[in-house]
Each structure stands twice: as structure tokens, then as C-alpha cells.
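Here is what Swiss-Prot says about this protein:
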SIGNAL    1-18  signal peptide
DOMAIN    25-258  domain 'Peptidase S1'
DISULFID  Cys31-Cys173  disulfide bond
DISULFID  Cys50-Cys66  disulfide bond
ACT_SITE  His65  active site, charge relay system
CARBOHYD  Asn102  N-linked glycosylation site
ACT_SITE  Asp120  active site, charge relay system
DISULFID  Cys152-Cys219  disulfide bond
DISULFID  Cys184-Cys198  disulfide bond
DISULFID  Cys209-Cys234  disulfide bond
ACT_SITE  Ser213  active site, charge relay system
Amino acid sequence: MWFLILFLALSLGGIDAAPPVQSRIFGGFNCEKNSQPWQVAVYRFTKYQCGGVLLNANWVLTAAHCHNDKYQVWLGKNNFFEDEPSAQHRLVSKAIPHPDFNMSLLNEHTPQPEDDYSNDLMLLRLKKPADITDVVKPIDLPTEEPKLGSTCLASGWGSITPVIYEPADDLQCVNFKLLPNEDCVKAHIEKVTDVMLCAGDMDGGKDTCMGDSGGPLICDGVLHGITSWGPSPCGKPNVPGIYTKLIKFNSWIKDTIAKNA
């Protein structure tokens with residue numbers, strides 16, 4: 001599982017500790033500049049770790065398995081190495097993983113049929129509110145169930161090399177379809193539950209992967225998921241990726257934000 005590879009690499013003190021995997025957004029393209037203004041880059045110290053989504057000026061949503069001990073985020077970034085005056089840097093004052101996410105599964109182990117990565121989401125409260133601009137904008141949570149067969153867009157800075165984890169310079173986008181959960185049940189040994197979405201290209205070649213975790217899955221123009229987990233190597237035929245199904249967590253997200261305002 002590729003998110004476990006990333007987590008273990010970070011916990012060992014460096015990205016270069018990751019074993020060989022093919023890990024990037026496959027079959028994607030450079031996102032049009034500033035076309036994903038809700039996209040967040042989540043760092044551990046000064047190393048890029050995961051994607052995220054800006055929900056409002058004070059809160060970022062990401063994956064629970066992106067939990068670390070020292071967060072900082074960038075908003076409004078397109079390219080990691082270009083000077084982008086419109087981008088905003090923020091520290092994080094509080095991290096709140098979903099209480100039902102099983103953090104013990106992040107320990108190194110052989111995947112088992114009983115492994116359940118449900119509830120893979122976490123809220124980050126910014127130490128200073130984001131300035132809402134043309135290139136930094138929040139996105140709304142979904143208000144209804146996503147439709148099977150919807151065209152979805154995922155984005156992130158997943159690795160561009162198959163051996164050493166190295167984020168893409170430019171924000172990458174990829175399009176694929178929302179699939180029945182049964183397709184993912186057949187493809188994965190780990191549990192696929194009703195709080196997950198199954199999405200990808202059954203022909204292979206289009207996928208999210210290590211480094212894309214926590215980033216948005218937008219189907220028919222609506223934020224419906226965040227990248228959670230998938231196969232390693234990524235982009236395999238008949239093995240779609242798994243995304244946290246946000247409609248199932250609207251109440252928890254809103255209640256948590258209200259209690260920690």
C-alpha cells in the first residue's frame with residue numbers, strides 16, 4: 001500500500017528511505033495555473049508530505065495518515081521552485097485526526113484482509129487565517145451523494161521518479177471515473193467500506209499515488225473525496241484507488257470546526 005510506504009519513509013527521518021515504487025499521478029498533466037485554488041501542500045518540517053483542501057480561511061482538510069509532528073502548509077502554489085508572490089505560507093496550530101481512524105495500521109506490516117483504513121481524514125487549524133484571493137479559495141463540502149460514472153479530477157504533487165520519492169515540480173491533474181465500490185472490493189485485499197469511494201481507470205495508466213494523499217477528488221465539479229490509499233505500484237489495470245467519501249463526514253467536519261473555532 002503506497003500511503004504506508006510514504007508514512008514509514010517519513011518516520012525513518014527522510015523521504016529517501018522509501019523502497020522502490022512507481023509513484024506519481026499517472027496519465028496526468030500540468031494543472032492549468034491557479035485552476036485548483038483550494039489545493040493545499042502539507043509539509044512535515046520543510047519536506048512536502050501530502051495534499052490538502054482549503055475548507056475555509058481557518059481550516060484545511062487532509063488525510064489522517066498524513067499525521068506528523070510538525071506541520072506547515074502552502075496555499076496557492078503551482079510550482080514548488082518558482083517564486084510565486086501570490087502563494088501563502090501558514091503554520092498549523094492544531095491537528096485533529098478523525099477519532100475512528102486506526103493509527104496502528106501505519107506501523108509496518110503485511111496487508112491483511114481485516115485491515116480497515118476507514119475514516120482517513122484530518123482537520124488542520126491554521127495559526128493565521130488564509131487570505132482569500134483569486135488564487136486561494138475554499139471549496140464547499142458536498143451536499144448529496146456522488147453519481148457513479150461521474151468524471152472526476154484529482155490533483156497533487158505525487159512523486160515523479162519510481163525509486164526515490166521526489167514530488168513533481170508542477171501541480172498535476174488527472175481525470176478518471178467514479179466506479180462502483182464492488183470494483184475496489186475485488187481489487188484490494190484490505191477492506192473497502194461505505195465511507196470510501198472507488199475511482200480510477202480500469203484500463204490502467206491513470207491514478208493518484210504516494211504524495212497525493214489528502215488532495216481533492218472533484219467529481220462533476222463537486223468536492224466528493226480526498227485521496228486515501230491504493231495499490232503499489234500505482235496505475236495498475238483493474239486496481240482503482242480509494243478515496244475518503246466526504247458526504248459521510250459532513251457532520252463530523254462541521255461539528256469539529258465549530259467546537260475548535
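Note: Cβ is positioned from N, Cα and C throughout, glycine not excepted.
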Under DSSP, is Cys66 (disulfide bond) part of a helix or a strand, or is it coil?
helix
How many Å separate the Cα atoms of Cys173 (disulfide bond) and Cys152 (disulfide bond)?
10
Spatially, and counting Cα to Cα, which of the recorded positions is closest to Cys209 (disulfide bond)? Options: Cys50, His65, Asn102, Cys152, Cys219.
Cys50
I'm trying to understand the geometry here, so how far is the Cα atom of Cys31 (disulfide bond) from the Cα atom of Ser213 (active site, charge relay system), in Å to the nearest whole number?
17
PLDDT averaged over every residue in the domain 'Peptidase S1' (25-258):
94
Taking just the CA atoms, what is the gap between Cys152 (disulfide bond) and Ser213 (active site, charge relay system) in Å?
16
In sequence order, which residues at least six apart in the same chain have a CB under 8 Å from the CB of Cys219 (disulfide bond)?
Pro146, Lys147, Ser150, Thr151, Cys152, Leu153, Leu178, Ala199, Gly225
Neighbour count, 10 Å Cβ-Cβ cut-off, for Cys184 (disulfide bond): what number do you get?
22
Taking every protein chain in this structure into account, which of the disulfide-bonded residues Cys31, Cys50, Cys152, Cys173, Cys198 has the most other Cβ atoms within 10 Å of its Cβ?
Cys50
Based on Cα coordinates, which of the following active-site residues are within 10 Å of Cys198 (disulfide bond): His65, Asp120, Ser213?
none
